[in-house]
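Sharing a structure with you now.
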Amino acid sequence: MPTIKFIDGTCRVYPGSISVLDILKDVSPNSVQDFMFGCVNGISVDRNAIVTNDSIVKFVYKTDQSTLDIIRYSCICLLGKAVKKLWPSSKIGESDVLENGFFCDIEVDFSFNETSLHLLEACMRQMINKKYKIYTKTFSLKKASTIFKNRNETYKLFLLDRLVNFSNQVVSLCFHEEYIDIQKKISVPNIFLCRNFRLQKFSGVYWKGKRENKVLQRIYGTSWITRIQLEKHLDNVKKLDSRDHRKISKILDLYHIQEDLPGMIFWHRNGWIVFQELKKLIRVKLRKYNYQEVKTPVMMNKKIWKDSGHLDNYKESMFMVCSSNFEYGIKPMNCPGHVQIFNHVVRSYRDLPIRISEFGSCHRNEPSGALHGLMRIRNFTQDDAHIFCREDQICSEVSNCIRMVYEIYKIFGFKKILVRLSTRPKNRIGNDNIWDKAENDLATSLRESKIEFEYQHGEGAFYGPKIELSLFDSLGRVWQCATIQLDFCLPINLKAFYIDHNNERKVPIIVHRAVLGSIERFIGILIEEYIGNFPTWLAPIQVVLANVNSNHLQYIKLLYKEFYALGIRSEIDSRNETISYKIREHIARKIPYIIICGDKEVKNNTITLRTRSGKNFYCIDVQFFISKLCKEINSYSCSLMEE
């Protein structure tokens with residue numbers, strides 16, 4: 001007789017096993033039409049999942065944003081169904097949900113074009129109008145393999161083989177009428193819920209990202225809960241085209257990515273200046289909050305990754321290498337290396353907290369289909385820190401982390417920040433007393449900082465609760481960047497300890513802290529937020545000195561020397577072009593200030609100034625300009641002079 005507890009605290013007892021759907025029919029029959037899936041003890045389950053034991057049950061409805069992923073997964077299956085109907089000999093490859101949509105790889109014997117895309121979308125809409133129900137059934141891996149083998153779905157067989165590494169038992173398949181696919185997530189109950197979708201583009205990709213493999217057609221699409229959300233997204237896509245960091249980066253000559261090295265960034269001079277300026281800013285804050293900056297190896301012995309738990313939980317995303325009969329893991333994150341530094345000497349409770357930071361070069365084997373400019377790459381730099389502290393220090397350390405994050409985000413002009421506190425999941429280490437204190441410390445730190453936040457119940461990591469801070473950009477997009485994470489597990493796994501006041505060994509708490517997250521990704525966010533118009537302190541070139549003719553070249557060379565001595569990033573444009581041509585070109589390059597020097601300026605020891613926003617200032621005293629410019633740079637101002 002399972003006792004079912006609901007989110008509002010009420011309970012009901014049932015005589016035997018019962019499905020989540022039947023529970024809802026009992027407690028709120030009028031809500032069944034909008035019911036998407038359930039959560040049982042914090043785990044998402046299908047509507048028809050059976051509950052046999054005492055459980056906490058939550059109902060998730062179609063208006064809930066958490067349904068987006070399952071709508072998109074179901075859209076992928078719908079896309080596969082339409083592909084097989086239009087081109088029966090085609091084969092379905094990898095697919096996944098992206099931040100604002102989904103993709104699916106297919107093998108066909110022709111190259112896709114716009115007509116193919118329109119035909120496919122029309123077919124999908126016909127299927128949606130049938131309003132068919134989606135069913136899920138569990139099979140042994142052997143039986144599932146037979147099903148896909150009989151259908152000549154060679155890529156699905158490969159994906160099933162990969163599942164063997166994780167379960168060795170059974171696999172769930174979803175049935176869209178005659179079409180069958182691997183169930184990656186819960187499906188929507190009815191395909192009509194996928195009606196707010198649009199196929200957007202296509203491209204060619206190598207299977208598994210390897211050039212020696214077949215070229216597949218990758219189809220990208222987007223889907224949303226409501227029509228209004230879809231239309232808003234499509235409108236934003238148009239706006240984003242002018243903000244696309246990949247296009248702007250070409251104009252500004254920031255970086256490039258090569259086809260033979262996907263997900264790896266080649267920083268050019270201009271881009272590397274932006275990168276280094278961000279590091280300089282973070283270093284100012286690291287000094288203020290008393291961090292020690294370190295550097296740990298890019299690869300470490302496999303045993304460290306095994307002991308830390310990363311090999312068991314993160315192996316699919318790690319690059320491994322062998323040398324001299326040793327196996328090494330290239331680091332996907334910095335934390336195990338920081339624990340090695342903490343463990344290098346015996347620590348006293350008086351030494352804590354110890355704050356270790358690093359601009360660590362990390363590598364993650366991201367799927368080729370998920371790679372996107374600077375936003376999703378395989379080699380990135382984390383502005384990562386780990387604070388080793390006592391339990392009584394958690395609250396103050398977390399408060400300092402929050403303060404640091406807000407100070408930095410304010411510099412960039414981000415005003416709206418979404419803060420979430422993720423609490424204990426069902427599967428976790430540590431007792432409830434530790435979790436109670438940890439969650440309370442995080443909540444107290446947020447409240448004392450006068451920060452509004454929302455709970456994400458059951459969404460913490462198995463080793464500790466966390467705070468997530470997400471930025472809203474000018475288009476309303478949410479970027480999850482900063483995290484503050486408590487960790488009870490890693491110090492135990494890697495045998496970290498300090499000597500307490502009773503001269504006994506005690507395990508420290510680790511606070512994981514990142515502000516920008518991936519620096520590369522943060523640069524991508526800034527490019528799109530500023531549309532390439534970096535604040536002067538961050539701009540690769542802050543001032544261009546342009547002469548009207550050769551008579552004024554000596555004067556601008558003297559100005560250049562003065563700027564160089566002050567650390568102002570400037571360059572000379574002495575080309576034999578008209579001054580109007582030079583101005584247009586440098587405005588297109590988004591240079592904050594263009595200095596123009598002609599006869600009058602040379603004679604009076606002044607400058608004429610043109611800002612990239614189009615404002616002109618005549619006969620400005622050179623020292624006055626330098627003073628204003630240095631003040632603007634040193635204060636991290638987001639505005640140009642007189643804006």
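Note: Cβ is positioned from N, Cα and C throughout, glycine not excepted.
Swiss-Prot lists these features:
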type	residues	note
BINDING	CYS335, HIS386, HIS512	Zn(2+) binding site
DOMAIN	1-61	domain 'TGS'
REGION	244-535	region 'Catalytic'
I want to verify one value. Collapsing DSSP to three states, which class is CYS335 (Zn(2+) binding site)?
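Note: CYS335 (Zn(2+) binding site) is helical by DSSP.
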Among the binding-site residues HIS386, HIS512, point out the residue whose Cβ has the most other Cβ atoms within 10 Å, with all shown protein chains included in the count.
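Comparing the binding-site residues HIS386, HIS512, the most crowded Cβ belongs to HIS386.
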Just to be sure I understand, if DSSP states are collapsed into helix, strand and coil, how many residues of the domain 'TGS' (1-61) fall in each?
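Secondary-structure composition of the domain 'TGS' (1-61): 14 helix, 27 strand, 20 coil.
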Who sits close to CYS335 (Zn(2+) binding site): which same-chain residues at least 6 apart have their Cβ under 8 Å from its Cβ?
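Those within reach of CYS335 (Zn(2+) binding site), by Cβ under 8 Å and sequence separation of 6 or more, are SER308, ASP384, HIS386, ASP487, LEU490, ILE510, HIS512.
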Enumerate the residues of the same chain, CYS335, HIS386, HIS512 excluded, that satisfy the criterion Cβ within 8 A of the mean position of the Cβ atoms of the recorded Zn(2+) site; list them in sequence order.
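Near the Zn(2+) site, the remaining chain residues are MET333, ASN334, HIS338, VAL339, ASP384, ALA385, GLN485, ASP487, LEU490, ILE510, VAL511, ARG513.
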Quick one: average pLDDT across the region 'Catalytic' (244-535), no decimals.
91
